[in-house]
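Copied from TrEMBL, the annotated features are:
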- Ser183: active site (ACT_SITE)
- Asp338: active site (ACT_SITE)
- His368: active site (ACT_SITE)
- 101-254: domain 'Alpha/beta hydrolase fold-3' (DOMAIN)
- 311-371: domain 'Alpha/beta hydrolase fold-3' (DOMAIN)
Amino acid sequence: MKQMGLKAVVVTVLLAAALSYYVYNPMPDAIQEPWKLMAVDAAFRTGINLGFDSTMVALLGSRSPAGVVPGVKVSDITFAGVPVRVYEPPAGGEGHLRRGLLYLHGGGWAFGSGKMGAYDKVSRMISDELNTVVVSVEYRLFPEVLFPEPFLDCVAAAKHFLSPEVLDKYAIDPERVAVSGDSAGGNLAAAVAQEVLAEPKCDIVQALIYPVLQALDFNTPSYVQNRNMAILPRQVMVQFWLQYLGADISLQPQLIANNHSALQHSVLTPELRSRLDWTSLLSQKFKKSYKPVVAERDSHGLLKKIPGLLDARSSPLLAGPEVLAKCPRAYILTCEFDVLRDDGLMYARRLKDAGVAVTSDYYEDGFHGCLSFTSWPLDFDVGKRVLRNYMTWLQNNL
């Protein structure tokens, strides 16, 4: 009996040690409640290994049912054949036009849903507090579809939403409409803004939350600094890109080494490279002492294998200045501890250089995904601040 008891103790200790080793991931000093973030990160890593659906439900909440809860009317319908969830505020009515917001959820183009608890909560808050009709788009995901299908779903939903008939049906002011999204949803929102909303007759805004905007340089200062950061380490972001663009995951090391943007590629002209040249687009505060990583040769022919890398519909940062000049005014949120920080900062700079009004909202203690963590027990102070400031900007600019 004693021997069995000793074995049980040893097994328990070993399991505890293994769990601690799996969960532990050193965090920057500026991160509040680091052990909580480590636990969330461990859950995300488990999701990558075992399947995202159950993990996302555990972290972000299950899909909420449609209905009226409380006051906000929630309906699951389709826009141009694309599933959407519509949130209608209790306020308004005849003679009282409302705001309109098209929201595109994040998840690496591979998982997630606007119906999940965290997204659903934010949509209900915006609808209720800002008297806004929120349309959350359930675009198709990997592996069911690849680029450009998710983008095309969002474009179709956006065009339907912006039609006079639909705006009139929901009593939406056509001059108070926004497209918004976080992470991969921020990518889609920026691409939709370039494709659909860049029209002088539209007084529309775009709100991008830690968006992913380019896939030619995985060695920007933020990618290098945060390569092992919680929630979205560099290798995971590269994996998401390869999946989205229909490429072989085994090419991951080649992209991390920037071999796909090697100097030998004549298609990458100096002018095109300048559109994502962080050495000129970032301030010294963010460049720090990092150096560009530029490969001489690409022996794998990566740009031919993955043509989507050069498509501005997948990488909005690659759009030319003539396209950016027509884009709607923007809110771009970035976080210090996020591989995507520099994508957002460079896009903000290029939009400003093109004459677009931009609000750049940067969080020194922020991390990727923090907007989704505002409710106990997975609540972070920075997430609450991000949510409140995002909503304040919408209130003042929409």
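Just so it is clear, glycine is given a Cβ too, placed from its N, Cα and C backbone atoms.
A simple way to gauge crowding: the CB of His368 (active site) has 26 other CB atoms within 10 angstroms, across all the protein chains here.
Within the model, the domain 'Alpha/beta hydrolase fold-3' (311-371) carries an average pLDDT of 97.
Within 10 Å of the C-beta of Asp338 (active site) we count 29 further C-beta atoms, all protein chains included. For Ser183 (active site), other Cβ atoms within 10 Å of its Cβ number 29. Separation of the C-alpha atoms of Ser183 (active site) and Asp338 (active site): 10 Å, rounded to the nearest whole number.
Taking the C-alpha positions, the distance from Asp338 (active site) to His368 (active site) comes to 5 Å.
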